[in-house]
Amino acid sequence: MPKRSTYYTAVALTAAAVLFFTIGKAYVGLPGVWDTISHEVRHLRLIPFGSFIYYRVWWGPWLNLIGNIVLFLPVGYLASLRLGSVWKATLFSMVASLSIEVAQYVLAAGYSDIDDLLINTAGGALGATLAHMPSFTRTVFPDGDEPDARFTLANERTFLAWTRTALAFLAGGIALGAFDVTGITPATQTFAAATVIVIGMAIAAGAAIRWVRVERALRHGRPLPAPAIAPLLGVGILVASIVVLVGLLS
């Protein structure tokens, strides 16, 4: 359990973020992301996973899925630290999400969606589970000597650089799928967008794996592993470029 001041600061920041990205959308707009008018509604959605059946853009349900899990992950984590139980923290996350959905309906401040309740609860359960896992350092690096801090920080900077690259690919793939591209068919555009997004996901996973492998090599004094992300990045860009080029020429 962290210090009380640190814990309650984290609780306040988490609560503010949850309220901003749920009820707050009807009152505060972000230009280019959402506007308040589209969220000034009172609408009830009770079909489980209906967002994956009825959607405007193909990536919308997936963005909602990942976003809600990430949003409620700290809720479950912090609740578990306080309540000392995964199932109690999961129940708390479910009640908190249900309260938000009810408030959205009463205030006409967004869509009250069963999917949000299910996904938010899952995110809270994941956060609660993470809170009860053993120390990350003991789990990932069970043995070996503490390396020079400079090497560890350099490894972290490399990880962050690859993460930024992954985020750029994810954003590019979403943009490619969202906007009309003159000269290529919708199927080609969707395939190219999906390819770019998959590349971004692979880079993110590869960055995490490489960070762990390099850290373990440093702790045991072994040679650093050969990077596999760079060839993957090159091949992925080549494939996406060929798909778009063929679509433009056909």
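Cβ atoms here come from the backbone N, Cα and C positions, even for glycine.
Quick look at what TrEMBL lists:
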- 15-132: domain 'VanZ-like' (DOMAIN)
- 150-217: domain 'DUF202' (DOMAIN)
- 59-79: transmembrane segment (TRANSMEM)
- 158-179: transmembrane segment (TRANSMEM)
- 191-212: transmembrane segment (TRANSMEM)
- 224-249: transmembrane segment (TRANSMEM)
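Taken together, the residues of the domain 'VanZ-like' (15-132) have an average pLDDT of 85. Here the transmembrane segment (224-249) has long-range neighbours at 162, 165, 183-185, 188-189, 191-192, 195-196, 198-199, 202-203, 206-207, 210, 213-214, 217-218, meaning same-chain residues at least 6 beyond its ends whose C-beta is under 8 angstroms from one of its own. Using DSSP to sort the residues of the domain 'DUF202' (150-217) gives these counts of helix, strand and coil: 61 helix, 0 strand, 7 coil. Residue counts for the domain 'VanZ-like' (15-132) under DSSP, helix first, then strand, then coil, are 80 helix, 10 strand, 28 coil.
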